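Only one structure is covered here, and it is reproduced in the block below.
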Ligand SMILES: [Zn+2]
């Protein structure tokens, strides 16, 4: 199994990174990532994403995850969605 | 070709006549609107003939009809005929129809989301609809706010929505609230309704409505849309989360775009608004849908698939408002909480001193004299393509720091000044601050951007 996961960017997150999805390899030696590690990894990859990430909801495999829950890990093959609130109407 | 003096005189005369006619037309339009408003008031009066309307009620509601408490357990012959197509639907039927007839739904916002939501809810036969909006109809609304039309420009959105609904289905009782929903009036209004539809356009009002719905125990059908994206969720319903359980921190104001600045495709708000009507009808009719209270539907008009459904959490055990031990028990100051409110849609900022700025007329004079300079237009290319000033160099604000050398190369001489322009004069100031970090010499922004250019210098220049 390849040690990769997919990130889906929605709304202002997609605008900030200019792509709607990307496949990311786990950093060497690890095959899982905490949500805090994921946040740091994404911030380093995309300089414009920081502020958006703080207010976004995360979902793994289309299921909401609590960003403060340290037991939640991103695993190979997971699809992580970054969903910022849309306010307009 | 240089126009002769007589041409000029002729032109000025025509121009004067034209603006006179325009003024006259404006006055007549306003008169028609006044009379239309009076007509609506009279119409409302005769409809609820028993009780007069208190025009200056404490809520400042201009035309609130007193909603009758209904408990109709049968349909009229007219209703059988009108609603026949949904009466024969298994899972809805006459019991569903009677339920929605006896329900009241409040729609906050008569814009891109509220327009289709109100139309479908009224058409379906919801007994009582309240519509709140403090704004009036503008021509730039009509691309998506299809409950209004050309003849309503300048009229209150709430009144205009009510007019459309009365024309569509007179059996639906509609109350128009010409007001800004805020912490002082939200609870009083919301507690009168069974279901609340959030069709607003700003973060502060979203948190306000959420908190008011939690405090009054009302299900909240939340929809939002911007650019090509939309979101739909039902909050505070059947043990599901509230808006704060999912989005506990408001987005910083500088990261929020509204439809004026970010743009939106009308049909995107239409899709979400229709889905809001659907969820509200399902709640009103007590239809079975296990997932309704714990899912967030994401619509991305530009991707495949168009829709994705995210399974949400249940109530957050430590949510500040909807948990068993809330720390928020009354409505708050939401403008302060979010750092921006419903009214400051596109606030004009002033970051630069007067000596760092040039007004459009002076800039025009400088162009006419042929003074060597460079004009940098920092709007996105999609906006630059709509209209631009001849000779301007397009570098979007977010690429500016990387492309300073492009400006240096294009400068007619090393001492030539740099002017910066944008749509409304906010981004251009940020751009001047960015350029100062690396560029020497005179750098100024054009005050008020292309909007003021069109107003003050070139009346033929498009405003969008
Ligand atoms: Zn909550």
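Placement of Cβ uses the backbone N, Cα and C atoms for every residue, glycine included.
The active site, glycyl thioester intermediate annotation in TrEMBL covers B:259. According to TrEMBL, the feature active site, cysteine persulfide intermediate maps to B:422. Taken from TrEMBL, the feature ATP binding site applies to B:112, B:133, B:140, B:141, B:142, B:143, B:144, B:157, B:201, B:202. Annotation source TrEMBL lists Zn(2+) binding site at B:242, B:245, B:319, B:322. Marked as coiled coil by TrEMBL: B:11-45. According to TrEMBL, the domain 'Rhodanese' annotation covers B:369-462.
Structure with TrEMBL features highlighted.
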residue : record                                        : Cβ within 10 Å
B:112   : ATP binding site                              : 33
B:140   : ATP binding site                              : 13
B:142   : ATP binding site                              : 16
B:144   : ATP binding site                              : 23
B:201   : ATP binding site                              : 25
B:242   : Zn(2+) binding site                           : 23
B:245   : Zn(2+) binding site                           : 26
B:259   : active site, glycyl thioester intermediate    : 23
B:322   : Zn(2+) binding site                           : 22
B:422   : active site, cysteine persulfide intermediate : 25
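Proximity to chain A, defined as a C-beta distance under 8 Å, is registered for the following recorded positions out of B:142, B:245, B:259, B:319: B:259. Only B:259, of the recorded positions B:242, B:259, B:422, have a C-alpha within 10 angstroms of the C-alpha of residue B:201 (ATP binding site).
Considering only the recorded positions B:112, B:140, B:142, B:422, residue B:242 (Zn(2+) binding site) has B:112 as its nearest partner by CA-CA distance. The Cα of the residue listed as 'active site, cysteine persulfide intermediate' lies closest to that of B:259, out of the recorded positions B:140, B:259, B:319. Distance from the CA of residue B:322 (Zn(2+) binding site) to the CA of residue B:112 (ATP binding site) is 29 Å.
Cα to Cα, residue B:140 (ATP binding site) and the residue listed as 'active site, glycyl thioester intermediate' are separated by 11 Å. Around residue B:319 (Zn(2+) binding site), the same-chain residues six or more apart in sequence whose CB sits under 8 Å from its CB are B:241, B:242, B:244, B:245, B:248, B:326, listed in sequence order. Among the binding-site residues B:142, B:242, B:245, B:319, B:322, the ones whose Cβ sits under 6 Å from an atom of ligand 1 are, in sequence order, B:242, B:245, B:319, B:322.
Other than B:242, B:245, B:319, B:322, the residues of this chain whose Cβ falls within 8 Å of the Cβ centroid of the Zn(2+) site are, in sequence order, B:214, B:235, B:236, B:241, B:243, B:244, B:315, B:316, B:320, B:321, B:323.
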